[in-house]
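The structure's right below; bear with me while I get my questions together.
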Amino acid sequence: MPIARSLNLRHLWNCVVTKLHILLALYCSQHKVHLCNDHAEVQPNETLTNLKAESDTLKTKLEDERAKLHDVELHQVAEKVDGLGQFIMKTRRTLKGHGNKVLCMDWCKDKRRIVSSSQDGKVIVWDAFTTNKEHAVTMPCTWVMACAYAPSGCAVACGGLDNKCSVYPLSLDKNENLAAKKKSVAMHTNYLSACSFTNSDMQILTSSGDGTCALWDVESGQLLQSFHGHAADVLCLDLAPSETGNTFVSGGCDKKANVWDMRSGQCIQSFETHESDINSVRYYPSGDAFASGSDDATCRLYDLRADREVAIYSKESIIFGASSVDFSLSGRLLFGGYNDYTINVWDVLKGTRVSILFGHENRVSSLRLSPDGTAFCSGSWDHTLRIWA
């Protein structure tokens, strides 16, 4: 992208954000709502109507600038790329033990252990090779909607309708009472929808039905940074795959996917092309793009450098929402778990479906690739997890 155009896009985006702050300040002054944050000063001659009009004009200019950079479609570039050969994946392990819908799962960095959470209020740590259960924790609430493994493999985090994110340290003693060592780290004002450790065990990122994301210190439970920008429930998040890990992407019920700077707390990019809730977001392995899955029955690919959507993965025969997405290690394949009990495998470059995987007997709620890329695990409302390879 030429530097001048990139700066122009950034300037337009900053103008839009500034005007939205002015609109918010004006609304609050008219309705006697107090804001703790400082916003742009409202000029007396600026009315709500002409501010809205100016904001819409700036948005239109922003879209025009994006369109100028849209010189070629991704599938046109990929025409010269060889197609994928025969694609065969099947269920290699089935993990049974939950008494209700599996809502979330995550791999340990050791490529062997998996943590899963369920509507039955249980959090289970599995050995994916033997299918044995290594640890089980009963949460104080049902609908444990989020879980995550710490990078060290020595702790797991989870939460849900209790509005909290709790961290449980793991030990070699499988009979140890993990609940006694529970540490409540994060507290939202609505349900916890997703959580993810940063590149250390000391910080954790959460998203919530209260419309916010937040960064917390695990040891002290202190709020380090909050992220405000979604207009409805935030359903998912994913941390950028870099050593510094200074950005993350979130998606929610406002149909937006927002990219955030963890240091400043600011939204640095926003994409709004889905037609319904965004259930899942996942960074491309290089960190230059991300995919999203939505209730509008599509998965989409966004290029962060071009600042736009570059591909839509859909078929007329697919009418059910996509609940979870993840990339293969090379980035050539996109796995999507759907509410019609299937997993669709897409060729990222060509935009075509290369395979459809059957096995689950209810909607696929969660899907994650193993750290070494040799397999992926899916969780479902049929109470089971399946490992595919």
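Backbone N, Cα and C atoms are what each Cβ position is placed from, and that goes for glycine too.
As annotated by TrEMBL, signal peptide applies to 1-25. The feature repeat 'WD' is assigned by TrEMBL to 95-136, 185-226, 227-270, 271-312, 324-356, 357-389.
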Please report, as numbers and ranges, the same-chain residues at least 6 past the borders of the repeat 'WD' (185-226) whose CB is under 8 Å from any CB of it.
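Beyond its ends, the repeat 'WD' (185-226) has Cβ neighbours at 104, 143, 145-152, 154-155, 157-167, 232-239, 243-245, 248, 250, 252, 260, 262-263, 265.
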Residue list, the repeat 'WD' (324-356) vs rest of chain: Cβ under 8 Å, 6 or more residues beyond ends.
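Beyond its ends, the repeat 'WD' (324-356) has Cβ neighbours at 74-75, 77-78, 81, 83-84, 87-89, 279-286, 291-293, 297, 299, 301, 311-313, 315, 318, 362-369, 372-373, 376, 378, 380, 382, 388.
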